[in-house]
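Here's the structure we're looking at; comments come further down.
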Amino acid sequence: MEVVSSGTANNLPDPEEEKQHKAFLWSIQEAAEKHTMQIGVSACGATAVVDVLQALGIMVAPETADRMSEEELGVRLCSESVLLIRREDVLKRITTDSPLSLISDHQDDPRWKTLHVEGCSAELGGFAGLFDLKAAGFVDPILVAGTDGVGTKLKIAQACNIHDSLGQDLVAMCVNDVLAQGAEPLFFLDYFSCGQLDVGVASAVIRGIAEACQMAGCALLGGETAEMPGVYGTGEYDLAGFCVGAVERDALLPRLGDIQEGDLLIGVASSGVHSNGFSLVRKILERAGLQYSSPASFGQPGQTVGEVLLTPTKIYSRLLKPILRSGAVKAYAHITGGGLLENIPRVLPKELAVDLDAMHWRIPAVFSWLQKEGGLSEEEMSRTFNCGLGAVLVVGKQDAQRVLRQVQAQEEAWIVGSITHKLPGAEAVVIRNLEHSLKAGPNPSPDTSAVQNGAGQIHSSPRRRTKVAVLISGTGTNLQALMEQTKKPSSAAEIVVVISNRPGVLGLKRASLAGIQTRVVDHKLYGSRSEFDSTIDRVLEELGVELVCLAGFMRILTGAFVRKWNGKLLNIHPSLLPSFKGVNAQKQALLAGVRITGCSVHFVAWVHFNSYYTADINTELNLMAIVFYLSQEEVDAGAIIVQEAVPILTSDTEDRLAERIREAEHRAFPAALELVASGAVRLGEDGHIIWNQ
């Protein structure tokens, strides 16, 4: 606790008067410490507490002061001053310039210091704060300002008596908006209004704001506290925040002229609901009959509903500032009120749209719960909530992987879609597989259960993963994507073997380097396809395989094999089935003149081949040709699990299109594997997909 008088050297009180003043101020400090208010206090000419308050701009009528005890006045002094003493350099100036400084043991505690930002200047008790843009290093800056609140999330915080996280929500909502213009947040101001000031609540909120400003890299320049009896009920308060940032003129976002078809979208994970949609959330909770103290089925073990919902909004400024400065990001959308459907179009040219695939990012369990309990449609979900994406970046294809790696170094992020041409009357945002992703929920956590040993200690019991085999014939690029996915702790699948029908291919080396056992079953060594398939089947049975992925496997499997593994065989094809089946799918798409193609992951269909075996064919090659010719309408058939669209550009060649489709395959195949391995998707007896709730 630091209490300071600003008497001058020419007008100092006599020693006895100074002693009395010090004793009186220490009594204020002791009263404040009863309320755990270890903060800096500036007392300009502190001949009395009333003078202190008035010096801080807090008017107290004499008759009111007469009715208040020293303790009450002290608490009022400290509670108001916490909103003014915000900067390390101010604290230093006070302790240096004031001859009556009473230095606290806590003055160097970093919890009570806000981040110093070059160019920021604040005077205690002044009418305004100052910021020198030149001192901050800007050459040709444009100022960017944003203001926001935290909405009815306040009601939940007040009901739960959890107030310290709201400061981060407030700062995040403002700072993340300013970032959308490419601006670096410089300083922040807050407004706290209430019916009757509760010192503990106010200190928790303001402390949260100060800590959040430090997280955001901006200065807390000032604020206002308004105590308005009759306007707010007991325990009620409201918050508003104001952020000012700056950006060099040539770095302003969005760069609408640079955004084009084929650009990719990088989604940055949200922490949950953030600070929008809470009026609807509260209605759903009421309908479900849940209390904020109820255990949260959609949270971590031991969390209550209130604790999950009050998870603070993520602040993206420190993460994104260096990435935005690099010039690789063409646009940044902060996903706030209006959700994905309304916020992404705010940074796009009118003639362009986005195609998102919800299978490509993790949707937190709270959204699946809200959708199910509230009976919400896909449109309601995507127009109200962020659905797991707190920010979306638009980047060129050539920069996408580099930017993605930079973001993933600190946050969870994914390539979630691409920029497409917007047809007249069409929606600006198309989200595929959202309902399926919400029903499937997030990937199960690796430690979903626990067991207790004889000593009474709790040990995590890892969830059993589905054993997967991958069949290949070549380089194994799709295999690599599957291996990277299954390495994640959250994956529901485990690749136990990679089988190739050709020795020495690169895919086998990839598997060996990843520590996965490999087998070679050379088809040339077998007299018939059935013998070849039977050998593969024995390997699968030997290793307890439950699911088989065909990743560039250049063999046609027999009907007997497909029947046995029906519902457990996954294949990927480079088109949006049922269009362009068979070979040369990219060439077929270009010749057809369509504007969009893509890839499809599907269950392998059971096709009757019995009649074909009666032909007098001696060589395997001829048999394969006849089977393909007679059954070509059934090739690449089967229930579709995941599809990803790829736009066809006017400059596309067959090779360029094939390359972009391969990139889509590397996202779609792992997503489909997770759906089937986790049990979220299965093949019904009628050959159609069944989505499990």
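Positions of Cβ are set from backbone N, Cα and C atoms, glycine also.
Listed in TrEMBL:
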COMPBIAS  1-11  compositional bias 'Polar residues'
COMPBIAS  446-460  compositional bias 'Polar residues'
DOMAIN    143-247  domain 'PurM-like N-terminal'
DOMAIN    260-421  domain 'PurM-like C-terminal'
DOMAIN    467-604  domain 'Formyl transferase N-terminal'
DOMAIN    627-673  domain 'Formyl transferase N-terminal'
REGION    1-20  region 'Disordered'
REGION    438-464  region 'Disordered'
Is it possible to list how many residues within the domain 'PurM-like N-terminal' (143-247) are helical, extended or coil according to DSSP?
40 helix, 39 strand, 26 coil
Segment confidence, the domain 'PurM-like C-terminal' (260-421), expressed as mean pLDDT:
94
In the domain 'Formyl transferase N-terminal' (467-604), how many residues does DSSP put in helix, strand and coil?
49 helix, 34 strand, 55 coil
